[in-house]
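Copied from Swiss-Prot, the annotated features are:
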- 1-21: transmembrane segment (TRANSMEM)
- 33-53: transmembrane segment (TRANSMEM)
- 56-76: transmembrane segment (TRANSMEM)
- Gly70, Thr73: Na(+) binding site (BINDING)
- 93-113: transmembrane segment (TRANSMEM)
Amino acid sequence: MITVLTAGFGAIWGAILRYGITNYGKKHWSEKFPYATLLINLTGAFLLGFIFSRKFSPFIYALIGTGVLGGYTTFSTLNVELLSHWRDRNYSVFTLYALLSYGGGLILVFLGYKVGTLI
């Protein structure tokens, strides 16, 4: 039960951080491309790869990996934004966003893992 509560506590902080970045992006970045979600998901992928490479206790992994980074990253928002660009026939943004999100996420999770193994 303590692990579930730990993950939930971490998720609160991850969601607060995501909310802050998303609102900052709405005020300061172009609305033509979902920069905030891309930034959130790519940094989250890197950090999760890093966390995964380290020998943390299950408690810390639940707090940071499952909790904070689970609350921070947003797979569902990514896919809704992709659908929106497809629906609006904005195929160039759709393609670029999909490639950067999925390809970049995969590259950054491996890079985060590699950095974590070197430290």
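The backbone N, Cα and C atoms fix where each Cβ goes, and this holds for glycine too.
Within its own chain, the transmembrane segment (33-53) has Cβ neighbours under 8 Å at 18, 21-22, 24-26, 61, 64-65, 69, 72-75, 77-78, 81, 93, 96-97, 100-101, 104-106, 108-117, counting only residues six or more beyond its boundaries. Proximity of distant same-chain residues to the transmembrane segment (1-21), defined by a Cβ-Cβ separation under 8 Å and at least 6 residues beyond the stretch ends, is recorded for 36, 39-40, 58-59, 62-64, 66-74. DSSP assigns Thr73 (Na(+) binding site) to coil, not to a helix or a strand.
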